[in-house]
Amino acid sequence: MKYEPEKQQKPNVLSYGSLINCLCKDCRHREAELMCEDMVNRGVLPNAHIYNILIDGYCTVGKLNDAFRCLSEMSGKNVLPTIVTYNTLINGLCRKGKVVEAEELASQITCKGLYPDVITYNSLISAYAKVGNNLKGLELYEKMKTSGIKPTLITYHLLSNGFTEGGPAVAEKLFQGLLDNNLTLDRVISIKSCVVTQSIKIFTKHLHYTVR
């Protein structure tokens, strides 16, 4: 039987993606971009996943200019951004306190044929909560529901300060949202919601709801 040596497997997008991700996690961003150049030289074209890794790497260390440069490069190479691309950039802006810019970027998503998702809204709500604007977070909560996006338990965690700031009516609406979405009221929210008398009333309603 004639022995045939195994053919050496050529690198592909997945293998490059793993290497680039490791470099970005290690904050070796320049090397990660050189790896992208090596991809192209070997005839392997970077896709949205590769750029998302680079963008996330830059956003993680606060290098937003480099992150947006990667976005521009995607456009120049006809690589379509995904919702992950925009969510990563929005979260990066939010982490730097650039909430207005983040919301402006979120409003541009639909022009690209994409739609904001729960991650988009949670990032914005979290950013507004950090700057003490919980009422703006409540506005975004209503907007996401109107858009047909189902809030998660994380959403309600982020909105928990709004239980008191928004008044009894808002507190009850948020609490009812938890029940409607079959989410469990945990200790963090229950403690904050019990700060005012109305919240105690809501908590009692929850107990009654649970017992039924």
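Here the Cβ of each residue, glycine as well, is placed from N, Cα and C on the backbone.
Here the structure is a predicted model, which means the values were calculated and not measured.
Annotated features in TrEMBL:
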REPEAT    12-46  repeat 'PPR'
REPEAT    47-81  repeat 'PPR'
REPEAT    82-116  repeat 'PPR'
REPEAT    117-151  repeat 'PPR'
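Sequence-distant contacts of the repeat 'PPR' (47-81), counting only residues of its own chain at least 6 positions beyond either end whose CB sits under 8 Å from a CB of the stretch, comprise 13, 16-17, 20-21, 23-25, 27, 29, 32-33, 36, 39, 88-89, 91-93, 95-96, 98, 112, 114. A mean pLDDT of 92 is what the model gives for the repeat 'PPR' (117-151).
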